[in-house]
Structure formats: structure tokens, C-alpha cells
Amino acid sequence: MPPIRTSKSSKTPPEGFDDLEDMLLEFANKMKDAGNAPHEGKRKNEATWEIFKISHQRSRYIYDLYYNKEAISKELYNYLLKNNYADAMLIAKWKKQGYEKLCCLRCIQAKENNFNATCICRVPKARLGTEQQTVECVSCGCRGCASGD
Amino acid sequence: MASFNLPNCPPNPGSFNRPPPPRPPMLAPGWTEHKAPTGHSYYYNAATKTSTYTRPVAPTPAPAPFAAGPTPGPYPAPGPYPSFSQPPGGYYGGQFNQQQFPNQQFPPPQQQFGHDQNRGRGWMGRGGRFGNQRQHRQKPEEKPDRPKSKRTIPGATPWVLVKTKLGRTFVHNTETKVSLWKVPEDVQAVIDTMPPEDEATKELKAKKKLASDTDGLKQEVSEPRGIKRLAPAALETEGKDGTGAADINEEEEDEEDEEGEEEEEGSEDEHDAHGNKRLKTGEAVEFTEDDVAWQLEAMAEEYGFEEDDFEEGEDMIAEDNINSFKEMLDDYKINPYSTWDAEMPRIVEDNRYVLVTTTKRRKDVFTEWCKDRIAEIKAEKAKQKKVDPKISFWAFLKENASAKLYWPEFKRKFKKVSEMKDTKLADKEKEKMYRDYISHMKISESLRENDLKKLLRSNSELSRLTSLEDLPESILIDVRYVTSPEKIRDAIIKDHLATLSEAPMNEAEKKAKEELERKARAIRDREAAVRKDQWRLRGEEQRAKDMLKEEEALIERAKIVSKRGLLGHIIKKEDEGEEGGKPSGPDGGGLP
């Protein structure tokens, strides 16, 4: 969660930040909405899924801008990471082969699971077997983030 | 849409031979009873061109069903069959490949079915054809039956023998537009004597090619053709009486057709025996992959297609499609800094959206486009002159700043204004500018005028050619320029500019001038140092002189001997020693 920027604490962000500002603001608003959304009718785990989702989307947005679209400078990218606009640890995973679409870091923490295995969302769709029901992982609601899918 | 209907009730080929059950001839006048190969009987009114399953009852006995005694030429039931509406019992809708048939009941037989003469002259396009074929291969049993090829019957001119895809045959009268599963007897007799398909058609083909070269242009334009494919052993008839009869509604007679008929007549006799044998077997033709391949090859030859013409398609189209997809993105002014998910709803309605087929591919194209677009934007920005954010903030201060407000108050008051939110200027910078502005506005106008003059004098970027509009930034962002009284500011600047040289000093001149200045300063410094030295030396000299004088005076005094003689000196010395060695004045010796 990026800190709230007040005019008092503002250090001028690097050049090019204006271009992204709208999208970042949109993400911030979505995040606010997700935080304020009622949890009635949701399962215990489900409450945080939306937060994870938006956080993931925002990280992906910045990752894409820097690595795929080459739209932002390294300076600005570092600024965004430093200010927690994107999850640097998650992005670090995305750079690794096999983790290109990783949904969240908890899903690859094998030790947190019963059988010391990664989350169900890491299993490629092809290997899930015949049952067609949608899989939603407990930690972040991911429906599958295997690279091959 | 034109519907091209087979005879009204052509069901599965197996049931062809079933004889119609007897019926009491109690039909209303004008109605004829017909038998569907399924065994249903239905009723057709030639006058109203309607058909029905329910028996139209009339007091008078109905005319005999036409199957009983057909005459050659126009069939008992005159006029076109009711083939547009779904006929009773007919399970061929008008749904297949309608675009390939003209919008009347029936296309001319020659063009539809004469694979030999007309093939390759008016296909809708190979995409459509291949598409159909593929579909056909996948689920052949679901496809409704359709006419596939046709032959003219040499002995019975208006009748043509039509073969369907499922291998059934029917006859069609091109003049009366009547199609019948049941072949009239006299026609059947002729059919029985016809040569088998292949040889006849091959000869026909050669002939027709020549003919079509000369006069086939008209049909080419107007007639889209419905041939799917043709096998070498294409037209076979189930020639038994009353088995396979079908109906096609045709509307045009083709001249080429006539030629074909004549041609065929010649070859009729040779193949007579063979033809009969084939006809009697009545077997359906199986289309194998080879047949299809042969067919395609023949098409390609006719068109002059190369092998790769068929393969080429996809990539080329994809390229074009991607370009139009990008154009669409341009048209909608999509923000390249946005995400696919955010922008997708805006473009999804556009026709060009589907040009790129999969969403994954679309995303890729979108990313690619964003990359290019951002690069463009960056290049544009680099071209533009950078404007110091201070200039706009000065303008903002000029309008809003007042001495009555301290900075925090001012900030609070204008915190929603875009200039105050602008992050290019740090907050501290803004505060400093505000304070500067306020403090400068407090001093008198004449002093501010002098400040401006000083500023102009100190600036080296100005020249006589500088106009008021393009003053250098170094001046524009200076508080002395901003706070100078507006009324006389331009005049002062103009005056100053008039005194300047043509061009602002360039680098070399600047250096030379600096060098000169440096030298002058060095000389000045040296002089000052020398002067100081001299002054110090003079002081020392003076002091030395003084000391010398003193000593001389002492000696002078010593020389003066009073009445007491030398004793006086001694006593005096002692007194002086007691008093702390104070030198006594020259006259002091004579006192005590």
C-alpha cells in the first residue's frame, strides 16, 4: 500500500509519474472500495481476495510498463517500488521461469500447506484432471496461475 | 434468400422404392396427390402452388395422381413446385449455401451441376467453398442433401438428371421447373440408355471449356454456383422405376447446356451398355478423400491457382488484421498507459475488434501498440521545449498571493488548485517563492525598478535582438523580474536591450572577457598587496627612525655636564634605577 502523498511530505516523483497517475489513482480507489466492502456472505478466506487481486493487478501494471511496454524510466520504476505501488518481491518471482503468472507469494510457500505442496492454483489446468469445477485458491482466490495455462 | 429445394419429400435413400399406398381419389379439383419417399402422401395444388398433408376433400373425384401416367416434357403438375416454403415432408430447408444460388427457385441446371463445363467459373470464393467442405467432412450425416451434379438427358430435352450429395438422383424439368424423385417413364427409358457418367462428362468438359471461353462471360458474373465437389464417377442414377426422383426448380436455360446435350448424344451409344449396368446397380457413390483431392486439384487448375495460394491466407490476413486492430486503438484514442482490462470495454463493440481472433493475441497486439505509442509520445515530448514549472507558479502567485496571508494560510486556501498540487516543484521551493514574492512586493516601486535593472545588467543571455516575448528563462524565473512594476517593466527592458550588442556573447568572447577580467583582477590584487607591503615597510622605517632619534637624544643629554660633574650623572642613574629605570627627560637631570 503506497503512502498517502501529502503536499507536505511530497518529494517530487521522477519524471513520467503524471502519465501513470490516473491509473494509480484508479487502483487506489478500487483498493479503498475493496477495503470498505462488506464481508457478509463471504467465506472467511474470501474477504481478502479482492485486496490481493488489486494488489496483483497494480504490480502487474507497473511490471508491464517497465518490462514489456518500456514506458517508464528505471528511476520512476524504483520510485514506484520504493513507495509500494508494486510488490517488488512478487515482481522478482515473475522474472523467473515458471513463475511468470504467479498470483501471490503465499501460493508458492509450500511449508504453509498441509502436504508441503504449493497451492492448487499453481497446478496447470491440463493436470487438474477431468473435473471442471473452478478452482479458487484459499489464499488469494486465484483460479490458476501456472505458466503453461 | 433463394431456397433451392429438392423434390418435396426426399427422405433417406433407403425408402425410395416403397410403392405408394392406394388412396381413394377424392381430392378437390386442382389438387394432386403425391407420394413422399417416406411413404407419406401429400397434396399439391398447382394453381395456388400450395402443398399440404391434409387431404383436401371435394365432392367430385380428384384427378388421378400424376405418378400414374406421366407424359414426356412438361409434367402433369405444371408450374414450379412449391419449393420455397418448406414443403411437407421435405426435410431440406433452404438453409444450405443459399448464397450460391440465385434468388429464384432454381439455378439453371448447367451451371449448378455441370461440374465439367462450368466448374471454376463463378465460385463465390474459395474461402467459402473450403469452409463448407470442411464442415461437410466433419459431420456428413447432419448435412441436408443437396444437388451435386447434373446431366442433361439427351432424349428428353427439358429434363435434367440431378444427382444429390447423398447419391440420390432426381429429374428436373428446366422448362416447367418441376422436379421429381420419380422419373417419368419415358424419361426413364432415355436415362436407361445413357452412357455412364465419367466418359460423358469428360468429353463434355472439353467441349464446354471451349464454349465457355467464348460466351461464358455473362454467367460468370451473374451466377454464383453451388457445386460442392465432383467425383470422377459423379453422376450415377438410381435408374429403377420410381425410386429416386427429385425436384429442382430452375429458371434459366443455358445455351451451353444445349451444346452439352448435343455433344452427349453423340457419345450416348458407345457407352450404352456400360451405363445401363451402372444404373441398375443403383449404388450410392462414396466420396473418398482422393476424390475430394482430385476435385480441388481440378478447381485449382481451372483457376490457375498455385499450390501455395491455398496455404498463403492466414498470415497475410493476420498482418492486415493486426494493422486494422491497431488503427482501431488509434481511433478510439486509447490511453497507452492504461491496462487492457480498463480499455477493452471501449473497443469491444467495434467491428475491427474481432479481426484478431483470440483474446490472448489481442492483448499481445495491444501491448505492442502501447509500446509503439509510448515511444512516439516520448519522442514528441523530447522535441517540445521544457518550460520551467516556476514560471507558471509565479503567474499563479501574481494573481493570488497577498501580504495578508502567511504561507501556511495561503497553502491551505489554495490547496485544491492544480498549481499548488504540481509535484514538479517541491513544497519548500514553493514556500520560498511565496516569501520572496511577498517580501519584494513590500518594497517601493523605485527600488524594484532598480532591482530589475540590476538583473538585466547581470544577465549575459540578452542581446539587442531579444524581443520581449522570448526573454530567457533565467530572467523569467527571477523574482526581481516578476515583482518589477508592470507598467514600466517593458520600457525598462527595451531600453536595456537597446544598449546591448547585436548578439549575446558567444563562448569564445565570454572566455576572452573573463580572461581579461581575471587579469585585471590579478593586477589589482597585486597592487593592493604591494601597497600593503609598502605601507608596512614605511611604518617599520618610521619606528626605526623614532628609536634612533630617542637614542640620539639620550646621548645628547649625557653629554651635558652640570656643576656637579660626573657625580650628578651617577646620582641621577641611581634615582632612575630606583624609579624603575624610567628614562628621564633631557631636562630632568638638573632637578633633584
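Just so you know, glycine gets a Cβ as well, placed from its N, Cα and C.
Per TrEMBL, domain 'WW' is recorded for B:25-58, B:153-186. Summarising the annotation, TrEMBL assigns compositional bias 'Low complexity' to B:82-104. According to TrEMBL, the feature compositional bias 'Basic and acidic residues' maps to B:138-147, B:199-226, B:271-283, B:571-581. Marked as compositional bias 'Acidic residues' by TrEMBL: B:248-270. The coiled coil feature in TrEMBL is assigned to B:505-557.
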Integer mean pLDDT for the coiled coil (B:505-557):
92
By DSSP, how many residues in the domain 'WW' (B:25-58) are helix, how many strand, and how many coil?
0 helix, 15 strand, 19 coil
Kindly report the helix/strand/coil residue split of the domain 'WW' (B:153-186) according to DSSP, in that order.
2 helix, 14 strand, 18 coil
